[in-house]
Amino acid sequence: MKKIDVKILDPRVGKEFPLPTYATSGSAGLDLRACLDDAVELAPGDTTLVPTGLAIHIADPSLAAMMLPRSGLGHKHGIVLGNLVGLIDSDYQGQLMISVWNRGQDSFTIQPGERIAQMIFVPVVQAEFNLVEDFDATDRGEGGFGHSGRQ
C-alpha cells in the first residue's frame, strides 16, 4: 500500500471525526467528512465549500487524487460535487475542500462529521504533444457525440 503524507488541520479529526479509511478490503474510495462547527443547510441549487480538516501531500508525480460524490447522497438527495470531480495534484499541500452542490429539489442539511465525498488515488501519465499535419486514418475518423449509436 502506498503511503501518502496527511496533516490534521482540525483537532477533532481522529477524535470526534474519524480519519478517512477504506470501508472494506475492496473499497476504492476513502470517505471524506464535513469538518464543520455547525450544521449547514443547502437550499436547492446552492453550493458551498466544506472543509475536511485534512491536508495531503501526494509527492509522487505519477499519482493524483480525485474527489467524487458519494452515490447515495447523489441518488437519494441530489447532493453532488459542485465541480463534479475534484482533482488533487501531487504537489498540492493545502486543505482538502469539498465543493458541495444541492441539485435536488429539497433543502439538505450537512451535519458536522457527515461523510459527504470520497477520494480515490489514480495513476497519472504526463504526455508530451507530438505536432503533426495529419493523423493516420481510422474507421472512426472524426465521428463523435453519438457517432457509434445508442444500441
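Glycine too: its Cβ is placed from the backbone N, Cα and C atoms.
According to its DSSP assignment, ILE88 (substrate binding site) is in a strand. For ARG70, SER71, GLY72, ASN83, LEU87, ILE88, ASP89, MET97, the entry in Swiss-Prot reads substrate binding site, with the evidence type sequence analysis.
DSSP assigns SER71 (substrate binding site) to a helix. Across the residues annotated as binding substrate (ARG70, SER71, GLY72, ASN83, LEU87, ILE88, ASP89, MET97), the two Cα atoms farthest apart lie 27 Å from each other. For LEU87 (substrate binding site), the Cβ neighbour count at a 10 Å cut-off comes to 12, with all displayed protein chains included.
Cβ neighbour count for ASP89 (substrate binding site) (all protein chains, 10 Å cutoff from its Cβ): 12. Annotation: ARG70 carries the greatest number of neighbouring Cβ atoms among the binding-site residues ARG70, GLY72, ASN83, MET97 [cut-off 10 Å, Cβ to Cβ].
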